[in-house]
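Per TrEMBL, the features are as follows:
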- LYS8, PHE9, GLY10, GLY11, THR222, ASP223, TYR228, ARG233: ATP binding site (BINDING)
- THR45, GLU120: substrate binding site (BINDING)
- 5-278: domain 'Aspartate/glutamate/uridylate kinase' (DOMAIN)
- 312-359: domain 'Aspartokinase ACT' (DOMAIN)
- 389-443: domain 'Aspartokinase ACT' (DOMAIN)
Amino acid sequence: MSAFNVAKFGGTSVANFEAMSRCSAIIENNPQTRLVVSSACSGVTNLLVELANGVQDAEQRLNIMKQLADIHDAIIDQLADPTKVEKEVHSMLDSIASAAEAASFQSSKKLTDHLVACGELMSTYILTQLMRERGVNTIRFDIREVLRTDNNYGRAEPQVEEIAKLAQEKLAPLCAEYVVVTQGFIGSDEQGNTTTLGRGGSDYSAALIAESVKASGLEIWTDVPGIYTTDPRIAPKAAPIPEISFSEASEMANFGAKILHPSTLVPALRHEIPVFVGSSKEPEKGGTWIRQQVENSPQFRALALRCNQTMVTLRSAKMFHAYGFLAKVFEILAKYKISVDLITTSEISVSLTLDKTDTSGGAPELPQEAREELQELCTVEVEHNLCLVALIGNHMETKGYAKEVFSTLGDFNLRMICYGASDHNLCFLVDAHESKAVIQKLHLDLFENRYK
Ligand code: ADP
Ligand code: ASP
Ligand code: MG
């Protein structure tokens, strides 16, 4: 197949009947779009995570179930022929209710994935029917038949070769005949158990699927017309970026710009699939193209914010001029499968942040057993309520760069500064309560005032 487009729609894009209808219009307007990847309707995954974490009170569980039913029924009620979809969605709601009861006795990561996957499974039943009613030759496909992962529930690792094989066998032939609607975020392990790729994972699913069917384009439709210089909810004067390189956009995603799941661009980059980010509400506003080669590489490109950071500081006089200390620390961290994100060292201390959390949410924790083993080597201090601010740009090694950045931040308490490892970013931790003010001040000085 020649030009073949994959379009992904996020939660707000499929939040209600009108929003879903706008998605269908976008698909109808581009005959090259053969594959549609959908998130759960807005708010649904949060409710499912709450149930999966274990709600003891039966009445509260019922209340959440009612909210879930209301969100879906409000869309189903507006369909011309709701009978079949209503049955499908209600049967899922019944299975959610029993799984939620099981989770109230004992929750587990496996059960969580089984439960939270229902959001995408339900939204795709509805979107498929809605598109059919608008005259699109649509078929729903359960992506768990193709999106093979390991069994690391909550943050499963996709098995790229297996996915490519299964997609060529089962998915690509369907796309020749239909516009296929499928689920983001979810997959299945070798045993057929449902897995998830972590919160916000539908972007990543869409990129993996685009790669597996050798798509020529990937569109991410969301609630903002493209990638902005920072989150426009934090700095209202943030400006859209018409074109950005894969490296810059990857840094942004990695450092927490919620607009893209951190791993999204890995498959797209592997196959050099251009990615477009736009608003399903205002498609006429255009959006951002992410490509290998771009015309402009400004010194300051964007600011990203990632909250819920956990910083661990390890201190020991034994570290002074000794070798092997860090090796021992990392051996313990590896033993407990703790992935480290950022690290800085001094002569007698090491500070590190723990990597992102999984589908069940919250700040990453240092497991008690790991803490006890580390305490045999050194003192261990764990801090929460921190946010990571990242400044993304180009040629950040340039003289005067750091001075320009830090001189604007004199009033803030900066922690753990990482600079120099990449010439595309500079990042540091700040207290959560100051984080938005830090972004606003940096945006004002480095973006708004600079380009006046
Ligand atoms: P979806 O449900 O479509 O995946 P998300 O809520 O995950 O949407 O991501 C879109 C949101 O990302 C925007 O509403 C915006 O608040 C936030 N965001 C964070 N950083 C940026 C940025 N640099 N540019 C645009 N939006 C951003
Ligand atoms: N529905 C999932 C979430 O809310 C995945 C996604 O929307 O990307 O995290
Ligand atoms: Mg998202």
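Every residue, even glycine, has its Cβ placed from backbone N, Cα and C.
Model, not experiment: these values are computed from the prediction.
Everything TrEMBL records as a feature, shown here on the structure.
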residue : record                 : DSSP (3 states)
LYS8    : ATP binding site       : strand
THR45   : substrate binding site : helix
GLU120  : substrate binding site : helix
THR222  : ATP binding site       : strand
TYR228  : ATP binding site       : strand
ARG233  : ATP binding site       : coil
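Checking the binding-site residues PHE9, GLY10, GLU120 against ligand 1 with a 6 Å cutoff on the Cβ atom leaves GLY10, in sequence order.
As a summary of secondary structure, the domain 'Aspartokinase ACT' (389-443) carries 19 helix, 18 strand, 18 coil according to DSSP. Checking the binding-site residues PHE9, GLY11, THR222, ASP223, TYR228 against ligand 2 with a 6 Å cutoff on the Cβ atom leaves GLY11, in sequence order.
The binding-site residues in question are THR45, THR222, and the one with the fewest Cβ neighbours inside 10 Å is THR222. For the binding-site residues GLU120, ASP223, the greatest number of Cβ atoms within 10 Å around a candidate Cβ is found at GLU120.
Spread of the ATP binding residues is 22 Å (greatest Cα-Cα distance among LYS8, PHE9, GLY10, GLY11, THR222, ASP223, TYR228, ARG233). Among the binding-site residues PHE9, GLY10, THR45, GLU120, ASP223, TYR228, the residues whose Cβ sits under 6 Å from any atom of ligand 3 are GLY10. In this structure, the CA atom of PHE9 (ATP binding site) is 11 Å away from the CA atom of GLU120 (substrate binding site). Under DSSP, the residues of the domain 'Aspartokinase ACT' (312-359) split into helix, strand and coil as follows: 14 helix, 16 strand, 18 coil. Cβ-based neighbour count (10 Å, all protein chains) for PHE9 (ATP binding site) stands at 29. A distance of 26 Å separates the Cα atom of ARG233 (ATP binding site) from that of GLU120 (substrate binding site). Between the C-alpha atoms of ASP223 (ATP binding site) and THR45 (substrate binding site), the distance comes to 17 Å.
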